Amino acid sequence: MGASVRLLRAVLMGPPGSGKRTVALRITKGFQLKTFSSGDLLRDNLLRDTEIGVLAKVFMDQGKLIPDDIMTRLTLHQLKTFTQESWLLCGFPRTLPQAEALERAYQIHLVMSLNVPSEVIKQRLSARWIHPSSGRVYNLEFNPPKAIGLDDLTGEPLVQREDDRPETLNQRLKAYEDQTKPVLEYYREKGVLETFSGTKTDQIWPCVRAFLQTKVPQIDQKASVTP
């Protein structure tokens, strides 16, 4: 992007299991936006058993959201590396204090919220299994492993995340709804919120793509293909 073009600061929101990661990956492939996931950063800390990772796991195993100060510190530190590019922040902010802290550091131009029914999310996540060491995700309904219960590449056992189990998931969804509602209202009042509703990512994505085409340059797919 040229120096005269304003860098876009965008946020992608949605409850656990709403398809944020898939939508963010498609945005990265199609548009000149660097995607940064606070969830990926958190998982990296969990896998490396850092002090923050160990502390965060305690809250996650109880079905609670990670405290604001932990997520804010992690996220703002990482965003400092994205100084000359437009970016899309995925999974942060989730609470009003997080949103206010982000706003003090950056002006947010666009917030996209994915609205997926909770019953759809519960069904989707109950079928989700992961390979712990790599983070590869499988879904028994639409992206199953080649061998039941085993990772395609390593053959190692898959596990279900503690916070994807039904009893924990109900708490997570309730916590998300309670804490994120003020955030959506906060961005709605600023006039930067756009909501996309549906039950499947393939249903929501065309609407997101059409909207972004009016906001940010697309990647020239032909130019990016090597002979």
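Any Cβ shown, glycine's included, is placed from N, Cα and C.
Values in this document were obtained by computation on a predicted structure and should not be read as measured data.
Ranges compared are 89-126, 127-164, and TrEMBL records region 'LID' for 127-164. Between the listed ranges 37-66, 187-216, TrEMBL ties the annotation region 'NMPbind' to 37-66. Taking each Cβ in turn and tallying the other Cβ atoms within 10 Å, the top scorer among the binding-site residues Lys64, Arg94, Arg128, Arg161 is Arg94. The Cα of Arg161 (AMP binding site) lies closest to that of Arg128, out of the binding-site residues Arg128, Val137, Tyr138, Thr201.
Here the binding-site residues are Ile66, Val137, and the one ringed by the most other CB atoms within 10 angstroms is Ile66.
Taking a C-beta cut-off of under 8 Å and a sequence gap of six or more, Ser38 (AMP binding site) has these contacts in its own chain: Met71, Leu74, Thr75, Gln78, Leu89, Cys90, Gly91, Phe92.
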